[in-house]
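J.: Annotation source TrEMBL lists transmembrane segment at 100-117, 137-155, 167-187, 223-245, 257-276, 297-318, 355-373, 394-412, 424-442, 449-471, 535-554.
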Amino acid sequence: MEAVLQTRGLLSLPPKPTKASSLLNPSQGLSHRLFASKPLGFNGLCLFYRRVPSVVAKPNGVPFICKAKAASAADGKQPFFNENEKPKFMGIEILTLKKIIPLGLMFFCILFNYTILRDTKDVLVVTAKGSSAEIIPFLKTWVNLPMAIGFMLLYTKLANVLSKKALFYTVIVPFIAFFGAFGFLLYPLSNYIHPQALSDMLLAVLGPRFLGPLAIMRIWSFCLFYVMAELWGSVVISVLFWGFANQITTVEEAKRFYPLFGLGANVALIFSGRTVKYFSNLRKNLGPRVDGWAISLKGMMSIVVLMGFTICFLYWWVNKFVPLPTRSWKKKEKPKMGTMESLKFLVSSRYIRDLATLVVAYGISINLVEVTWKSKLKAQFPSPNEYSSFMGDFSTATGIATFTMMLLSQFIFDKYGWGVAAKITPTVLLLTGVGFFSLILFGDPLGPALAEFGMTPLLAAVYVGAVQNIFSKSAKYSLFDPCKEMAYIPLDEDTKVKGKAAIDVVCNPLGKSGGALIQQFMILTFGSLANSTPYLGGILLMIVFTWLSAAKSLDTQFTALRREEELEKEMERDAVKIPVVSEPRNDSVANSSLLNAASDDS
């Protein structure tokens, strides 16, 4: 192989550095220079390096070394490096495929289960006797949040005493066992284990405004299912799967294949939505005295258990047959910020404040609309099977919309930039939210017009609310999340790490529980969620406008930082890196080394 060196300035690799006359000898090609016999240094390598000052000078007369670029053209001769070509399939290494394909199947199974569990948990707690959608804010704040904190504390303790494999099985097997036991044991016995009489007595004493808190006690096994389904999303997806994926993949593999996991997730959403729809419609073929929802629940939980064991098998197979990449043991220092430290850091930086506003506003806004929509959904579909069937269609539509938006997101970022992409999610939520609350508040005058389309104001509100949730979630996954992560890129390392830590500690929990706390206050003040609807609509408008204002401010700062970063990159001089290979004994090509020569700046 002949190598062509294209240089600005003089840069050469002579076989005999003592002879200056050989530097510009045209009769000696690079092949002769690289593979000529030289005294062997350590590890069989002999490295000669000379940096020759360039005759080119800057206008002020100060000489500098120009950057050298090396280009290699293959002519069929012996390659530089004697490396065995790794087997490939369709341009991808077989070893990479042995990791990525099982990971993709694991991700599909995990999200397939999560969609079934997410739809089922809402059906259980919303349509249960003596309960309603008003239970959700209280359930998220006073049951889900404490159990999530307790679970993570337990996980931290287990991580200190168990191996990674044992920890994975110890965490996921109880989930599989619980969901199987719920479908075949807890739900059939629910009429015997739920304290219905005690709950009715307390409700008569405390009044209807305490329907939500008392429903947690009334249907405690359904609430436990709700919490376990929520934990499946946060623990199995975020902790177990992504922790395992980051453990066995390299950075290059992650950059190439992780985006495909996002597309595969929406394919799982589509298929699981069809599965929920199928089992929910089984009631139509059963007798009048048969509990159709119990039959549907057994079928769906059987699939969840089967998928769970498939996940365990794939995890075992990868650990058994796939070699793990070597990692550096050097750990990067990450500041641990408490809640008060996080609040102080959020207040001190305008950029971080605006970014925090985006995160909190999304969490509150989607919660305000979603719970109100589910209350109307129960009014339209009181039967568990009808409710579940509708949620199956909803999940399928969400998967299709998100898949499409992910394909369009690259065009939006390239064509319109970060600012427009960041404003799409609040704009969609604002427009659909206004339509949804308008149908609830002013539905009666619109009744005759809607009747011509075969819809009642309630059904129209359900459909508009479904459209609002579908497009809000698809915009969140395809645009909001990438915008949020991109906003950290131009920050300096200290602000980047501390800002992300502050937002993770304060803003994510605040966004998720903020909407629930607002709804709890409204329910206890005005008596019910329906009576609170006008005020919830007004709060939604205020939050979305604040969100849009923060996005506009952040866009200005983000653009300025990006320009500064690009200007700094233009002014930097990259180091010169030239591979030099010597010929060791036995006429075989040895390992290569990289010689780095830093450019001299005036």
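Note: Cβ is positioned from N, Cα and C throughout, glycine not excepted.
Just tell me what is around each of these and how deep it sits.
T.: When Cβ-Cβ distances below 8 Å are used as the criterion, the transmembrane segment (167-187) is approached by residues 117, 155, 158-159, 193, 221, 225, 228, 231-232, 235-236, 239-240, 244, 294, 297-298, 300-302, 304-305, 308-309, 311-312, 315 of the same chain, each at least six residues removed from its ends.
If you look at the transmembrane segment (223-245), the same-chain residues 6 or more away from its ends with a CB under 8 A from one of its CBs are 103, 106-107, 110-111, 113-114, 117-118, 120-121, 124-125, 135, 139, 143-144, 147-148, 151, 155, 168, 171-172, 175, 178-179, 182, 186, 216, 254, 258, 315.
Below 8 angstroms of C-beta separation, residues 100, 103-104, 107-109, 111-113, 115-116, 119-120, 245, 249, 300, 303, 388-389, 391-400, 402-403, 406, 477 of the same chain, each at least six residues beyond the ends of the transmembrane segment (257-276), sit close to that stretch.
Packing against the transmembrane segment (424-442) from elsewhere in the chain are residues 361-362, 365-366, 369, 372-373, 376, 412, 457, 460-461, 464-465, 467-468, 471-472, 475-476, 479-480, 533-534, 536-537, 540-541, 544-545, 547-548, 551: each is 6 or more residues past its ends and has a CB under 8 Å from a CB in it.
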J.: Of the listed stretches 137-155, 297-318, 394-412, 449-471, 535-554, which one has the most C-beta pairs under 8 A with the transmembrane segment (355-373)?
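T.: Per the Cβ under 8 Å count, 535-554.
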J.: Against which stretches of its own chain does the transmembrane segment (449-471) lie, if we need a Cβ under 8 Å and a gap of at least six residues from its ends?
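T.: Sequence-remote neighbours of the transmembrane segment (449-471) are 366, 369-370, 372-373, 376-377, 379-380, 394, 397-398, 401, 428-429, 432-433, 435-436, 439-440, 443.
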